[in-house]
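S.K.: So TrEMBL lists these for the protein:
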type	residues	note
COMPBIAS	69-84	compositional bias 'Low complexity'
COMPBIAS	85-95	compositional bias 'Basic and acidic residues'
DOMAIN	13-47	domain 'A20-type'
REGION	66-95	region 'Disordered'
Amino acid sequence: MSLKSERRGIHVDQSELLCKKGCGYYGNPAWQGFCSKCWREEYHKARQKQIQEDWELAERLQREEEEAFASSQSSQGAQSLTFSKFEEKKTNEKTRKVTTVKKFFSASSRVGSKKAGRR
């Protein structure tokens, strides 16, 4: 046995324990190798990036929704215009029938009164 004490266990190089950014502080596996300060910075950057991407997506979806609404309104307007023309034709047709019927009855009553006068 030697007087020299040997260390047993896992040997980890000092550089593996330091922060990934190289700031000089020690990193933590729970923070993906970053120290607490660098982890907060990285997390904040990632969060800001996600917020920006979400904002851009929301704006794009809003534009698409407005365009879809506008196109549906214009097609609905065309359908409404077609329907109003249909209604107008029906109204004209009814008016014509009523006028024809009135003429028919008024003419027959005149003819009938003329016949009665001849007898």
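Cβ atoms here come from the backbone N, Cα and C positions, even for glycine.
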S.K.: Using DSSP, how many residues in the compositional bias 'Basic and acidic residues' (85-95) fall into helix, strand and coil?
M.R.: 11 helix, 0 strand, 0 coil
S.K.: Can you work out the mean pLDDT of the predicted model over the domain 'A20-type' (13-47)?
M.R.: 90
